[in-house]
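J.: One structure, as structure tokens, below. Some questions next.
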Amino acid sequence: MGDAANSASTEAERFAIGISFGNSCSSIARISPEGKAEVIANEEGDRQIPSILSYIEGEEYHGTQAKAQLVRNSGNTVAYFRDFVGKEFKSIDPTPCHQSAHPQQKDSTVAFTIRDTESETPNTVTVSEITTRHLQRLRRSASDYLGKDVNAAVVTIPTDFTDAQREALVASAKAAGIDVLQLIHEPVAAVMAYDARPEATVTDKLVVVADFGGTRSDVAVVACRGGMYTILATAHDYELGGASLDQIVIDHFAKEFMKKHKTDPRENARGLAKLKLECEATRKALSLSSNAQLSIESLVDGVDYGSTINRTRFELLAGKVFSQFTGLIQQVVKKAELDVLDIDEVIFSGGVSHTPKLATLTSNIFPEKTKILAPAASVTAVNPSELSARGAAFQASLIQEFEHEDIEQSIHPMVTVAPHLTKAIGVEFTSQTDSNFQPLLGAETALPARRIAQYFAPKEGGDVLVRVCEGARDIKVTKPEPKAKEDKPAQDEDDSDFDSEDEEEEEIREIVWKTENPVAELSVKGVKAGSKIEVMVHVNADLGLQIAVREVGAQNAVRGAVNGSA
Amino acid sequence: MYNSIEDARPGAIANLETPEHLTRDWLEGRIFGAEKKGWAGEKDFKIVGALSGATKRTVEPVGPHFLAHARRSRHNRTFSEDERLQAQNNVKKTETEEDDDISEDEDPMMLAREAKDWKGQDHYAVLGLKKYRWRATPEQIKRAHRKKVLRHHPDKKAAQGKSDENDSFFKCIQKATDLLLDPTRRRQFDSVDENADVEPPTKKLTGSKFYKAWNPVFVAEGRFSNKQPVPTLGDEDSTQEHVETFYNFWYNFDSWRTFEYLDEDVPDDGESRDQKRHVEKKNANARRKRKTEDTVRLRELVDECLASDERIKKFRQQARAGKDAKRLAKEEEIRRLKEEKEKAKAAEEQRKKDAEEAAKADREKAKKAKEAAKNASKKNKRILKGSVKDVNYFAAGEPSAADIDGVLTDVDLIMGKIDVDELAALAEKLTIAGTDSAAVKTAWSGEAQRLVDAGKLKAGEAKVFV
């Protein structure tokens, strides 16, 4: 009856969730009736469901159960396949699949040869089919949890997904009975997950989203302007990820094992698989506690192995990899032609972001006012593994009621491509000694935009002049001592003690606004003492300006318009 | 705080509706240097420049603010127009919501209820939600509660001067709200809420009356289903698949209905433990019994509906008609095949017969020709043999026996070597030669010589015709 009811209800009732579909893990989330994002646990109680499918005797295993099969049944276990969707065989990097079913070519797309039925002969299953099966399992988990038939979703994708990959993913989801309402970018989903919290307020900010996943890392700079998001720059590293850190733990324990037993567990395929699985768990445990254990039964030649590692040791060993992560962040800030001082927030997303050292290293790069949103640095941080799914769920709740046509029109380039301000617009304040620029609309604000702000008038009242100008940001460097060192070099791999000593000599860098291009001047006459002035600036898409200034409480406002240049 | 409005729109999430951002307040008095020279203070507004260019970028199509942006740009609205329209929409919505749950009349009997026999009260009636019952949302229950409390709060009564100290109905309201807002207890009550049941029709109905009478019954029963949505009964035009889905669903009905609400109170004084256990056991048995009865009742209900459902009969007839048609078609096919086979067989026989006759005629003709050839060759042989005899065996006088024998041996030899056509040719030559001895001999010798040349006869084998 399930299918009949499905087809009948797609039109009538749409029930949408957010899906974060990752290479290593996937999660599903929805917005609860109270308006909070809620990540759904599957039947096994996992909120991060490994994107792995395994087959034994025709029976399908999914998630954690399938992951355990990587040791004994690696040939029939499909893992790390998200990035293969919609790609040509010759353009994929099969390295992550080294210890699971190997990708093969089938009509230029990617496929896996696995025994997914009870018969002995293996079948060739395309990656689209695998994706469909995976999404089907996710959908079933969500439906079971919610007691309603889930038939639509917003799915997150990396920023470098091509149109072909998008189409393939949508088609696979359709085959799994999921109507993809929209595909949204992972970094934006992460920002939105924070902005959708009930306690959050809308602010103008520049955010670096560092998404450190299991097999790859993506970093993006996102400009948040009045609740609208624009990606300014992205950087990807397809080899850096949790697996790189796992490798360090693996090598560490393998060396320790070799000292005792003279055999290298990494040379035995099953030994390596076991070691990999356990080391991943150990590495994750190290993010939470300062000590973690590892115990593997029958690692090689029937030898049981148990050991512990502490966090400091791990951080020392992984210093190089950590600097790769932080280097990626610095690289993307540079690519966006920004300075670390411009960044207001760094959002950590993805499983590896639990690692405390990454957060401390990153906070060393950025000035103190920059908020580092990682569990190790902030108590209010959201679980980084859940960010994408939460953001997707939030978007799903917003557009669930919309018609497909409506959504398509809204995400059409006609609507999404908008002019952005190249320079900040603000109000200049002049005192006896110097003039001071206060930005009202930041650079990279999508147009049309409108801002209203209130300022205190001079205490004594009287006539007031308001000058609306474009401003430029300068970085002022003050050197407290002549022997101060160069500031720029990235300080990643040195220990923190050295850093704090160094700080004394470091030069002080701060942001200074300079008035560059006055646009209009307005005057309000006869302002009462102690009152406030409200300034409204509206910028049209053609760069025309409408400005209105009035005394708060007064009826009459001084208005004026500047014609657009474009 | 100061209100500063951005292009935010009342979105799905309340916190994003009025962002209090971009508020700048500088308390030092160094603002707006009006007296400062060089500023164009004479006029109210003066343009002194233009904005520098803009870059085109793609806005990420997510979030409530983007949706507002999309709405504006698609409908070509300005900020203020859009705000106004959205505000209007929101107003309309709340008004209709307010309208639809005007409280129902209160039965004076109900108002006089005591709170202590809360188990017997109709909680939905107490809150004025009789027309919603199990359909009432928690939101509606909360609203109804608020409304009732406003009317029946003891303080209110005291203010009106009716200080009869009787707040029992208020307690009833509280009891009802507590129960209905607790999902578990609400289910227990809904399970035994007889007022929500719809009685099945008592007599057999046909046509559209059947669907009209039975549909509400199943909708009401469907509230107990663990699987939602529940398939509908449909109407006379429903597909067979739909009807089958419907009956399959109801015969495999997965119900959450429980009968805990009807339990006898378990004494909770610590003294009589045995008594307590006894009551608990009794309750458990009673629940089980009621559940079984309910399952049986539902089954009978579905049986009854199925029995009088005309669609089943219709489908059966259709199936039978379909089967008959199929059978007839099959038979027709078989007949046709048989006919074709017979036709083919007859044609084959005819063809065979014709062929046989032709073969016979051919044979006879060949026989005749053969006989004629035989006769001809006999005749020719006679001519050949006669020819040597006619010329007296080439002897001048009476031929000797040896002469005759020699000539005849050669004649036989040559005749044995030549075929029918050569025989005829030789015979013709001999006939022309007639009784001329030399010509006859030349003909024979020529023939012998030809045979020698053809390699059929060895030179010198013929003694006379050299």
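Yeah, the Cβs are placed from backbone N, Cα and C, and that goes for glycine too.
Marked as compositional bias 'Basic residues' by TrEMBL: B:144-155, B:275-290. What TrEMBL records for B:339-373 is compositional bias 'Basic and acidic residues'. For B:122-193, the entry in TrEMBL reads domain 'J'. Positions annotated as region 'Disordered' by TrEMBL: B:71-104, B:144-163, B:267-293, B:339-379.
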J.: Same chain, outside the compositional bias 'Basic and acidic residues' (B:339-373) by at least 6, Cβ under 8 Å from its Cβ: which residues?
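T.: Apart from its flanks, the compositional bias 'Basic and acidic residues' (B:339-373) reaches 420.
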J.: Could you give me the DSSP helix, strand and coil counts for the region 'Disordered' (B:267-293)?
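T.: For that range the per-state counts are 21 helix, 0 strand, 6 coil.
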J.: DSSP-wise, what's the residue breakdown of the compositional bias 'Basic residues' (B:144-155) into helix, strand and coil?
T.: 11 helix, 0 strand, 1 coil
J.: Just to be sure I understand, if DSSP states are collapsed into helix, strand and coil, how many residues of the domain 'J' (B:122-193) fall in each?
T.: 52 helix, 0 strand, 20 coil
J.: Average the pLDDT scores across the domain 'J' (B:122-193) and report the rounded value.
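T.: Here the mean pLDDT over the domain 'J' (B:122-193) amounts to 84.
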J.: Could you break down the residues of the region 'Disordered' (B:339-379) into DSSP helix, strand and coil, giving a count for each?
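T.: Per DSSP, the residues of the region 'Disordered' (B:339-379) fall into 41 helix, 0 strand, 0 coil.
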